[in-house]
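Colleague: Not my notes, these are from TrEMBL:
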{"type": "BINDING", "residues": "Ser72, Asn123, Asn175, Tyr198, Tyr243, Val261", "note": "substrate binding site"}
Amino acid sequence: MNPSPTRFAALTQTQLENWVGQARVYALTGRLPDYIPLLAQAEAQRVAVAIRSLDGHGYFAGERDQPFALMSVVKPLLLLFLLETSGWDAVFDRVGIDPSEQSFHSLAQLNVDRGFPRNPMLNSGAIALAAMLPGAKGADRCEALRVWLNQASGSRFVLDQAMLASVRSLRNEANRAIAEVLLRAESIDHVETALDTYNHICCLSGTAADLAQVGLLLAQPNAPTQPVHQRAVNALMLTCGLYEASGRFAVRIGLPTKSGVSGALLSIVPGQGAIACYSPTLDATGNSIAGLFLLEQLTQTLNLSVFG
Ligand SMILES: NC(=O)CC[C@H](N)C(=O)O
């Protein structure tokens, strides 16, 4: 059976390359994060975009072989894995489903919520969920997630050891304070292991093609993942994936989207495919400037919004 063409079929290579060219200019208006030394050294004008469509096509432009760490883009993937392996109740006993107006590493939000993370797209939620991964140590737990992601999707994520060393080289007081509140609320049972696991999974790394590929787990009706889990992850990406800017981009882009502080961005186009962008400079919220620009061009031109 030949799957019917998707909305991406209208895309031309010239169009995609033109947008990447414009995106490189926008990238200069953003800032590199300064709290992870290797991310601070990234080349500001690197831009990559990869699209995988459900009819089996791939569309690529920019530095397609450039690997990058997923950072917070791992959060929806962690959530999907745990929903599939531990089940709905175990996951949502540990983390909420409501959006937050606070930044991704907000301790104030966690304190207001008495140690119950508001959603899985915040650091607090992901640190609490990372503690559910099977295995004794951060490295084993990360490996369990990595192997599952690669087997389920055919992507080829690896652990970026240099990035992990860089993450560890500066103490992240915000994440540590979050983990201590989680410990007191009995959401995690060990601060060091939970942080170490979280740091490991943030350093899973791949190309834009790998990221788009894994996105198909959330886009296709007969993926190896359960539709009810896909729906939950997509809804949380739409409402919480771009942190406090999520509402605005739900209107402007209209796709479940998750960003990471490395400049990674993943958007799901349910029933059509997945889009991955990479460009390391960020806006004030911590979202990739050029990545969001590319997504806006794609969604508006190809009419990709889930809201029609
Ligand atoms: N927004 C992000 O990508 C956050 C991930 C990063 N490792 C941190 O904890 O700060």
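Using the three backbone atoms N, Cα and C, a Cβ is placed for every residue, glycine included.
Those TrEMBL annotations? Automatic predictions, nothing curated.
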Colleague: Inside 10 Å of the Cβ of Ser72 (substrate binding site), count up the other Cβ atoms and send me the figure.
Modeller: 24
Colleague: Given that the record lists Ser72, Asn123, Asn175, Tyr198, Tyr243, Val261 as binding substrate, what is the largest C-alpha to C-alpha distance among them, in Å?
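Modeller: About 18 Å separates the two most distant Cα atoms.
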Colleague: List those of the binding-site residues Ser72, Tyr198, Tyr243 whose Cβ lies under 6 Å from any atom of ligand 1, in sequence order, or write none if there are none.
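Modeller: List returned for ligand 1: Ser72.
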Colleague: Under 8 Å Cβ-Cβ from Asn175 (substrate binding site), six or more apart in the same chain: what's there?
Modeller: His105, Asn123, Ile127, Leu195, Tyr198
Colleague: For each of Tyr198, Tyr243, count the other CB atoms within 10 A of its CB; which of these binding-site residues has the top count?
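Modeller: Of Tyr198, Tyr243, the one with the most crowded Cβ is Tyr198.
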Colleague: Long-range same-chain neighbours of Val261 (substrate binding site), Cβ under 8 Å, sequence gap at least 6?
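Modeller: Long-range Cβ contacts: Pro33, Ile36, Leu39, Met71, Ser72, Leu282, Gly286.
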Colleague: Reduce the DSSP letter at Val261 (substrate binding site) to three states and note it down.
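Modeller: In three-state terms, Val261 (substrate binding site) counts as coil.
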